[in-house]
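**Q** Sending over a structure as C-alpha cells; questions will come in a sec.
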Amino acid sequence: MQNWDTATNNNSNNNKSPALTMQQTAANSNNFLEHNTWYNQMFAANIKQEPGTINPHHQHPQQHSSMMASQPQHSPLTHSANHLENYLKQHAHNGGGAHHLQFSDNSGAMTPSPNTNVGGQDFGFESNTSSALNPSLQQHQLYQQHFQQAQQAAAQNQVSSHLPLGFNPLTPPGLPNAVLPAMNHYYSQQQQQQQQRQLQQTPSPSACLSDAHEKSSALTPRHTPPMDITPPKSPKTTVQAMDHQQHPEDQDLISNSSEDLKYIAESEDDESIRMPIYNSHGKMKNHKCKSCGMVAITKMAFWEHARTHMKPEKILQCPKCPFVTELKHHLEYHIRKHKNLKPFQCDKCSYSCVNKSMLNSHRKSHSSVYQYRCADCDYATKYCHSFKLHLRKYEHKPGMVLDEEGIPNPSVVIDVYGTRRGPKNKSAANAALKKACSDLKIPPTSQLSAALQGFPLQQQQQPQQPASPAKSSSSVASELPALTLNMSLQQNLAQQQQQQQQSPGAQSHSSQQQINNLLPPLASLLQQNRNMAFFPYWNLNLQMLAAQQQAAVLAQLSPRMREQLQQQQQNKQANENGEEDEEDNDEVDEDEEEFDGKSVDSAMDLSQGTPTKEEQQTPELAMNLKLSEEHGETPLFSSSAAARRKGRVLKLDQEKTAGHLQIASAPTSPQHHLHHNNEMPPTTSSPIHPSQVNGVAAGAADHSSADESMETGHHHHHHNPTTANTSASSTASSSGNSSNSSSTSTSSNSNSSSAGNSPNTTMYECKYCDIFFKDAVLYTIHMGYHSCDDVFKCNMCGEKCDGPVGLFVHMARNAHS
C-alpha cells in the first residue's frame, strides 16, 4: 500500500501545482491512518508491526473503540476495495481528465475491485458499498468457519498420529498405584474446548499447541508408582484392557503375579505368539529345541519346528492356536491357560498356576532354605535347574543337598548333564538289582533274621522271612522288640532243656551265651561278625546304632557279671595255649581271643576303622562253626588264605551255598555242619537248624557242644586229600570315608561223598572285587560296571572310583540309565 501511495504522489507532483499538492498530501495522510486502522484490525494478532508504522490503538484508543462499535465488521477484500475506491474518487475530482488518464494507466496493473466499473465513467462507490455490505459479511463468516474446521482437522490428525502413550512405560496400566482419568471426562473436556474455539473470531496457531498440551496432560497418570517397582514382562494391550472392564468377573480369576502374564490366553490372532517376547530387563526370550538345539525367537516358529521331530500320529494340537505336543498333560495345561483355569493356589499368597510343578517352584520363594549348594564355591540357590546351569558353566561339583526343612539329605543325587528335571534319588540305582534279586530262591530260614531275633531257632519252628538289608536302621530296630517278645517263651524253654543235657564244660559256655543274649540283637550280630557287609552306605548307620545299644547294656551290668566275663576270657586263653598240637586249632583260638578281647573290653570301637589285609586274611569267624552228628558234611570254610581262586567258575554243593549270598555285598550262608569221627559222644550235642550267618554263632546258635566243636572240628581236614578247594565270597564293609576294600576269601576241602548227594550249582566270581554270584544275571549286571581300561572306573558314567568299595558306593548312590 505504501508503494501505491508513493507512485501516486510522484505522478501527481509532476502535473499539479503546489496548492494541489498540499491538499493531496493532507488527503493521503487521512487515508494512510484509515488504512493502518484496518490493517491492524485484521492482522495485529498474527503479523508483527513494522518499526515505522503507527498503531492507532495506542494513539486513539477511545476513537478506535467507538469507531469499531459503530461500524460493522467487513471482510478483508471489502475493506481493501472500499479504500481504493475512495482514494481514486478523490483523485478524480481533484486531478481532472489528464490525471484520470494517468491513473487509469497505472491502475491497469492493479487488481480491480469487484464493485468498480473500470471502463465506465460513473463511479457509484457509496451505493455499491451499501448494497454489498450484507453479502460480504456472510462471506466473511463462511470463510472463517471453513478456516476453523480445517485447522481443527489438522490438529486432530497431528494428535492421532503422535498420540502419547497415556502411561509410564515402566509402570503400565494394571498396577495398583496407576490411576488414569476416565475416558468420558476426557471427551467432555475436548468438546468444551472445541466450542470455545468456535467462539473466537480469528484463529491463532497457539490454540493448537495449547490443545495438544492439554491432551497430553490429561492422559498422563496423576499418581505414578515409584520407579523401583519391577514392571511386568508384557503389558496388556488396550483391547484386552477394555475386555477386562466389560467382564470384571473374568478379571478376578486372573492372578496379579508377574509370572502369570506370560500365560495370557493366546489365540490365532494374538501377536504374542508371532512376535518376540522381551522380559523386564530388555532381553529377548529364546525357545530352544531339546532335540537338535535350534533356537527360535517366536512361539510360532518354535511350534512349526517342533512338528518336524514328532510322529504325525502322535501330534496333539491345540484347537485355539498352533501349539503342538506329544504329551497329553502338556496339552491339558495349555488349554487351561486358554480358559484361564488355575486350580493350584498358593496357601501363603494369591499366586495360582495350572500345574503342581509350578506351584512347588513358587513355594520355594516363601522359604529361606537354599537347598542346593556348590562344593567348589559359595553359590547357593533354591532351584535345581539354576544349580545345574551353574555346575555346567563352571564345571563345579555339587555339595550336600538339603531338604525343605534344611536337613542334609544324602539320598539325593544331582544329575548335572541329565535331561530329567529335578534331583534323583539314590534308591533308583538299585532298582535293577532288587528286581533281579527278587527272582532268587530264599532259603527256609534267614541267618540275618535268626541273628536279629537273638535266640536259636529249632527245626520245628515256622520259617521266618528274611529281613531286607536295604531297610533303614530305624526300621530294623523297630522290628527287634517284636521279634524278641514273640519268641521269648520258646527261648526260655529251649534253654532249660539244653542246660539239662549239657556237659559241665558246656555249662560255662552257656553262661557266656546268656551274657551275650543280654546285648541287643543288632549289636550282638555286628559285634560277632564285624565284616558282615550290608550296603556300604547303610552299614555305618547300623554300626553306630549297635554301638549305642551295646554301650547302654554294658553300663547296666553289675560288677559280678563283668568279673565273670573276664574269668571266662582267661579260661579260654588257657585252653587255647594248651592245644598247640594242631595248627588249625591254634589259629582258631587266637582269632577267638582277639575277637573276644575287642568285643568285651570295648563297646563296638569304631575308631579301629577297616581291617588291614593281614586281618582280612585270617579266618576270624571259623570258630563259630558247629558240629552235628546228624549231618555228615564238611565245613565250607577253613583257615587257608592262599586257596583263593580268581576268575574260575566253581562247582559247590547247593546245600553249602544256599543262602550264602544275597546281593553283591551282603553275604549270608546256611549252616554247614561238620561230620566228625566217633571221638565226640553222641549225647553231647543236639540238632541244630541250618540258619546261621557266616561266622555268627555266639548269639544265634545252639549252646550245646560249642567248646568240643572247636576242639574236634578240624581233625578231619586232612583225611581226604583229593577234595577240591573252594572259595567263598568276600565281605566288604565300609564306613564314612573309608575307601579300602575289606575282603576275605577262605577255602575248604569238600567231602566227595557229600558232594555227590546233592546237585551242583554254578558260582560266578568277580576277580576284581572278590565277590561270588549264584545268579548269572547279577553277575552280568555287576561286571557291566567294570570298565575295560580301568576296572575301578564306572563303565556307565566314566567316574573314577577308589577300589571296589568306592565302586560299590558309586553304584549305590548314583542312578545309571
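From the backbone N, Cα and C atoms, a Cβ is placed for every residue, glycine too.
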**Q** According to Swiss-Prot, zinc finger applies to one of these ranges: 166-188, 764-786. Which one is it?
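**A** The listed stretch tagged zinc finger in Swiss-Prot is 764-786.
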**Q** Quick one: mean pLDDT on the zinc finger (372-396)?
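**A** When the pLDDT values over the zinc finger (372-396) are averaged, the result is 92.
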**Q** Ranking 287-309, 316-338, 792-816 by the number of C-beta pairs under 8 Å to the zinc finger (764-786), which range is first?
**A** 792-816
**Q** Sequence-remote contacts (6 or more beyond its ends) of the zinc finger (287-309), Cβ cut-off under 8 Å?
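**A** That would be 266, 272-276, 315, 322-325, 419.
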